[in-house]
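Peer 1: Grabbed the feature section from TrEMBL, which reads as follows:
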DOMAIN    41-289  domain 'G-protein coupled receptors family 1 profile'
TRANSMEM  26-49  transmembrane segment
TRANSMEM  61-78  transmembrane segment
TRANSMEM  98-120  transmembrane segment
TRANSMEM  140-162  transmembrane segment
TRANSMEM  202-224  transmembrane segment
TRANSMEM  236-254  transmembrane segment
TRANSMEM  274-292  transmembrane segment
Amino acid sequence: MATKNWTEVTEFLLLGLSDRPEMQPVIFGVILSMYLVAVTGNTMLIVVASTDSKLQTPMYFLLRQLSFIDVLLTTIVVPQMLVHTGTGFKTIPFENCIVQLFFFMAIGSMEGHLLAAMAYDRYVAICKPLQYYAIVTRSLCLRITLSSWVVVSLNSLLYSVLAARLTFCGNRVTHFFCDITPLLKLSCTRPLLNEMLIFTEGAAIILSPFFFILASYVRIGVAIGRLHSAAALKKALSTCSSHILVVLLLYGSVIRMYQRPSSSYDLDQDRQVAVFYTVVTPMLNPLIYSLRNQEVKDALWRLLNKIQNVYASGDFQTDHPSRRPQHHIS
């Protein structure tokens, strides 16, 4: 590319969800409400799954990781968006934009890998129940989690480096955060290398967990078809239904967003879809897993009863001045 086409970009202007001033208070209120629900719900799920003795299983270890990922994913995007919407100051330095891109892509990809690990957990639990605790161990879950973090971090680093080397013909980003698709759209020439990366290596990182989940549920479906007990069939379906719903929520929007060439991007529509997987999905995940999972609901009640008993017994009191140790200065 000729040097004259290079535009030195030191910051980007994030246009947000809407350019209409009268919509900004509405957007701010709705997004803030959903963000608070997402953070509160996921944090509560982490606390319950961490403290309840009956939830110390590999499945709930992975669920804690998923809730942690959801908190990180929405926090990378939403607070900055709220500041931009509330103040009207919508610029972000170039370096900060690339850093946000790296963390967003790494954490977003990690969610798919965790869902794949949870699908494997369900497969072993239903298809090989007698061998479950010998196969799905905490050590295995840790190895899966750590290796997935390494893979998605390297993948995101590659995307971020290539995005940072693009030549931009402007700095107005039709989005509310720094994502790969609007940055590719700003490129002065069609970024063939980046597009090839998305459709090959990127597809492998993002879609391989999805196909692994499909394969797991095919095996689970075959196993469920052989069950002759109505109670066993109902339990198997209830065990998998929450996970299937979360998978559909995530991959329905991700495939819609990324698996197509930059020439077909509709950025106005894409930023609306992005709200779904950055805010709505993290908000719904804890609700799905708590409302559709009897074990989690029981654990929530036990935690609430424990807190209520602490207050009722008077053990949770602020120290009265007379109870505090007296320190005399001689």
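Each residue, glycine too, has its Cβ placed from N, Cα and C.
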Peer 1: Is it true that the transmembrane segment (98-120) and the transmembrane segment (236-254) have 3 or more Cβ pairs under 8 Å, skipping pairs fewer than 6 apart in sequence?
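Peer 2: Answer yes, regions in contact.
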Peer 1: For the transmembrane segment (26-49), give me same-chain residues lying six or more residues beyond its boundaries with a C-beta closer than 8 angstroms to one of its C-beta atoms, as numbers and ranges.
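Peer 2: 16-18, 55, 60-61, 63-64, 67-68, 70-71, 74-75, 78-79, 81-82, 85-86, 275, 279-280, 282-283, 285-287, 289-290, 296, 299-300, 303.
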